[in-house]
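Chemist: Pasting a structure below so you can have a look.
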Amino acid sequence: MSTPEKYTATIKEKRWLTSDVFFVTLELDRPMQFKAGQFVMLDLPQPGERPRPFSMANAPKKNGSGTIEICMKRYETSVTAPYLDSLPSNSSVTLRGPFGFFTLRDSPRPVFFVATGVGIAPILGMMRDEQNKKTNRDMQLLFGVRYDTDCIFMDELAATLPHCTMTLSQPSDAWKGARGRVTEHLNALERPEQFDFYLCGNPDMVKETRDLLLSRNVSAERVYFEIF
Ligand SMILES: Cc1cc2nc3c(=O)[nH]c(=O)nc-3n(C[C@H](O)[C@H](O)[C@H](O)COP(=O)(O)OP(=O)(O)OC[C@H]3O[C@@H](n4cnc5c(N)ncnc54)[C@H](O)[C@@H]3O)c2cc1C
């Protein structure tokens with residue numbers, strides 16, 4: 001793993017993917033060596049505000065990546081997304097990175113990703129990395145969001161992964177896909193012990209999913225997770 005360093009980053013692209021998920025591309029003052037799934041700590045200029053962790057959604061490049069992509073959930077009292085949204089393009093921010101150990105391990109077993117909401121970000125980075133490297137790794141994804149309007153990256157996910165389930169906990173009548181929470185689908189999963197699991201999302205989802213997998217005889221060291 002690379003040692004974290006401080007970077008100055010310029011806002012190159014920003015847009016809202018949904019009403020509460022903000023996407024930003026940051027150009028770094030020099031390439032960063034990171035692993036898919038790692039995160040940066042973004043500084044906020046407001047006095048007393050601590051830096052916030054955000055995962056890279058893009059795949060790294062072999063000789064270091066000059067840009068990073070971040071998907072940011074905006075909560076009612078969020079500081080970060082409204083702050084970045086208020087800045088003009090080409091404004092600068094500072095950050096430190098890379099950090100974290102939520103990265104794909106070498107393993108002969110198939111990979112099963114479980115994400116909710118913006119928890120898809122580091123998993124997207126891992127999937128894209130595997131695709132760039134043409135590893136042909138056996139990967140599947142269970143991705144949970146609340147409403148139809150929360151679906152992000154659907155086309156890319158479906159095109160990349162033959163086994164990709166997007167499940168909505170509060171779908172509209174028009175929704176034709178899977179329904180229910182991710183844990184309901186995992187209850188029905190056959191032979192879960194064959195997989196390495198990678199979970200990312202809010203604390204409740206990660207805890208419930210991990211407990212469920214352990215109760216279904218998946219060994220704890222095969223359940224990797226990042227809590228947002
Ligand atoms: C390793 C790591 C990687 C992360 N990567 C990402 C990422 O890629 N994208 C992303 O959107 N987030 C990510 N997070 C979570 C993110 O850092 C926090 O949610 C952070 O607090 C967001 O800053 P903010 O300014 O939006 O909200 P803050 O100002 O920090 O919080 C505002 C309020 O929002 C509410 N809130 C904050 N977090 C949550 C939550 N998880 N669930 C419910 N309410 C909450 C709380 O009421 C809080 O008081 C990551 C966290 C970790 C630990």
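Using the three backbone atoms N, Cα and C, a Cβ is placed for every residue, glycine included.
What TrEMBL shows for this protein is this:
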| type | residues | note |
| --- | --- | --- |
| DOMAIN | 4-105 | domain 'FAD-binding FR-type' |
| BINDING | R52, P53, F54, S55 | FAD binding site |
Chemist: Other than R52, P53, F54, S55 themselves, what residues in this chain have Cβ atoms within 8 Å of the centroid of the FAD site's Cβ atoms?
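Modeler: Once R52, P53, F54, S55 are set aside, the remaining close residues are F39, V40, M41, L42, I70, M72.
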Chemist: Per DSSP, how many helix, strand and coil residues does the domain 'FAD-binding FR-type' (4-105) have?
Modeler: 7 helix, 49 strand, 46 coil
Chemist: Tell me, how many other CB atoms lie within 10 A of the CB of F54 (FAD binding site), whichever protein chain they belong to?
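Modeler: Its Cβ has 26 other Cβ atoms within 10 Å.
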Chemist: Let me know how many other Cβ atoms fall within 10 Å of the Cβ of S55 (FAD binding site).
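Modeler: So the number of other Cβ atoms within 10 Å of S55 (FAD binding site) is 29.
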Chemist: Looking at Cβ-Cβ distances, which residues of the chain lie under 8 angstroms from P53 (FAD binding site) while being 6 or more apart from it?
Modeler: F39, V40, M41, L42, F99
Chemist: Give me the long-range Cβ neighbours of R52 (FAD binding site): same chain, 6+ apart, Cβ under 8 Å, in sequence order.
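Modeler: The answer is M41, L42, L44, V79, T80.
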